Amino acid sequence: MILLDTNVISEPLRPQPNERVVAWLDSLILEDVYLSAITVAELRLGVALLLNGKKKNVLHERLEQSILPLFAGRILPFDEPVAAIYAQIRSYAKTHGKEIAAADGYIAATAKQHSLTVATRDTGSFFAADVAVFNPWHD
């Protein structure tokens with residue numbers, strides 16, 4: 001079971017997406033793939049920060065009408081149990097000289113709570129958080 005990081009789920013939206021990543025996404029059994037609420041927030045923020053125009057409108061529509069509906073019932077919240085894991089992950093990393101970005105920590109904690117592998121290109125924070133990681137660009 002897989003939790004997609006923002007850079008993975010957004011890859012097909014790029015003007016020239018990585019073919020390997022797109023093929024990997026297409027090979028997945030959708031019911032085994034999840035998003036975190038944090039990833040949804042990052043995706044929506046990315047669209048909101050674009051200048052008004054056709055690109056913003058197209059990306060907004062693709063996100064809200066095509067991508068997010070695919071994950072209905074499989075968008076995992078940042079709740080109290082995940083918050084407790086987040087605090088453990090970030091404090092452990094910090095006391096051991098490792099840095100985990102806040103958003104990556106939220107996503108890592110969500111993965112840990114639900115025993116999921118994180119699919120991401122940015123593996124460092126997730127390795128530091130001691131969660132299972134898969135990089136569809138290289139693995």
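Every residue gets a Cβ built from N, Cα and C, even glycine.
Features reported for this protein in Swiss-Prot:
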type    : residues     : note
BINDING : ASP5, ASP104 : Mg(2+) binding site
DOMAIN  : 2-123        : domain 'PINc'
Average model confidence [pLDDT] within the domain 'PINc' (2-123): 97
Position of peak Cβ density within 10 Å, selected from the binding-site residues ASP5, ASP104: ASP5
